[in-house]
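Trainee: Dumping what TrEMBL says about this protein:
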ACT_SITE  HIS254  active site, proton acceptor
BINDING   TYR24, TYR129, ARG164, HIS254, ARG257  glyoxylate binding site
BINDING   77-79, SER106, GLN127, THR155, LYS230, SER252, 285-289, 308-309  FMN binding site
DOMAIN    1-359  domain 'FMN hydroxy acid dehydrogenase'
Amino acid sequence: MEITNVSEYEAIAKEKLPKMVYDYYASGAEDQWTLRENRNAFSRILFRPRILIDVSKIDMTTTVLGFKISMPIMIAPTAMQKMAHPEGEYATARAASAAGTIMTLSSWATSSVEEVASTGPGIRFFQLYVYKDRKVVEQLVRRAERAGFKAIALTVDTPRLGRREADIKNRFTLPPFLTLKNFEGLDLGKMEKTSDSGLASYVAGQIDRSLSWKDVQWLQTITKMPILVKGVVTAEDTRLAIQAGAAGIIVSNHGARQLDYAPATIRCLEEVVKAAQGRVPVFLDGGVRRGTDVFKALALGASGIFIGRPVVFSLAAEGEAGVRKVLQMLREEFELTMALSGCRSLNEITRDHIVTDWDQPRLLPRL
């Protein structure tokens, strides 16, 4: 069967993967309301396309923290990719590089920063969890910097792991033939089998619940890499992030895996953008499955978007070729959306190109 859109990879991944692995990638926290809402909220944003504009040439290029990329579509950090495919993060890194975009490597990757760097050239960011042992953090950040990573995406929404009931039911743990490669030499690479989620127990034991804004400032003393704060959803925290020296903000609810009944990220985006006042770029993470979604995020003020689950599902289905195809499909759909909306470059995408049900309810049919 020919794949014609990003969402079709999920069903193939579900067939191919062991239940424990598929459920780990696919599920959200508790009732999974936010998981559904991350997608559904996009359908409450409609287009106001402009016509009779010469769209024979369309430029999707942009810069992120000074790095030029081919399109505002980047790869979010997703953990343990070798559970999806034997090549795991290697395949994802090559696909991102071929597409001319940025890959963010998870702290909990099944390939190390050095291994991913060895796949060849590419712009890569490193997602960081702050461990109780700060020496571990320092070592990891230095290794990422030495390996040529260009920025840190600091995850700030995980003082504890959200309640992911599928992982509890499945007694989720990392398969025995895999390790969290970045921590292998530190005796932190293995996850014990427990009576609930092995990952939840690992987080409870290792991740620092006392993490606060002063740690964002501390991080800047140990690295020259710019720091993106990932997990901001309010104006208040946007202002605090900028005060603490963040180079950018990723609006994220952790793929709806942490606090259920948090709003969709696309719904939080504009509040964050307004609070940032153009001082730092704001990116959207969560729920993007179509080129139309990318356009909507940019119209609401995002400088770019990150995709997570589409990467692991396409990786499970077709390895590197699957990830390449996801990036290509989103690129083509986004380009088409730009053309049909009358936009020739990213700076021509404005708030006037969309209408949302939260700003002009009377213009929308009941959804």
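Numbers here mean position along the shown chain, with the first residue as 1.
Including glycine, each Cβ sits where the backbone N, Cα and C put it.
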Trainee: Using a Cβ-Cβ cut-off under 8 angstroms and a sequence gap of six or more, which residues of the chain neighbour ALA79 (FMN binding site)?
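Mentor: Sequence-distant Cβ neighbours: SER106, SER107, TRP108, ALA109.
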Trainee: Quick one: Cα separation, ASP285 (FMN binding site) versus HIS254 (active site, proton acceptor), in Å?
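Mentor: A Cα-Cα distance of 8 Å.
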Trainee: Measuring Cα to Cα, how far is ARG309 (FMN binding site) from TYR129 (glyoxylate binding site) in Å?
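Mentor: So the Cα of TYR129 (glyoxylate binding site) lies 19 Å away from that of ARG309 (FMN binding site).
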Trainee: Checking the binding-site residues TYR24, GLN127, TYR129, ARG164, LYS230, ARG289, which are within 10 Å of the residue listed as 'active site, proton acceptor' at the Cα level?
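Mentor: LYS230, listed in sequence order.
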Trainee: Can you tell which of TYR24, TYR129 has the most other C-beta atoms within 10 Å, given these are the binding-site residues?
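Mentor: The residue with the most neighbouring Cβ atoms within 10 Å is TYR24.
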Trainee: Near LYS230 (FMN binding site), which residues of its own chain have a C-beta under 8 A away, given they sit six or more steps off in sequence?
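Mentor: Once residues fewer than 6 apart are set aside, LYS230 (FMN binding site) is near GLN127, ALA153, LEU154, THR155, VAL156, ASP157, ILE250, SER252, ASP285.
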Trainee: Measure from the CA atom of TYR24 (glyoxylate binding site) to the CA atom of ARG289 (FMN binding site) and give the result in Å, rounded to a whole number.
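Mentor: Roughly 19 Å, rounded to the nearest whole number.
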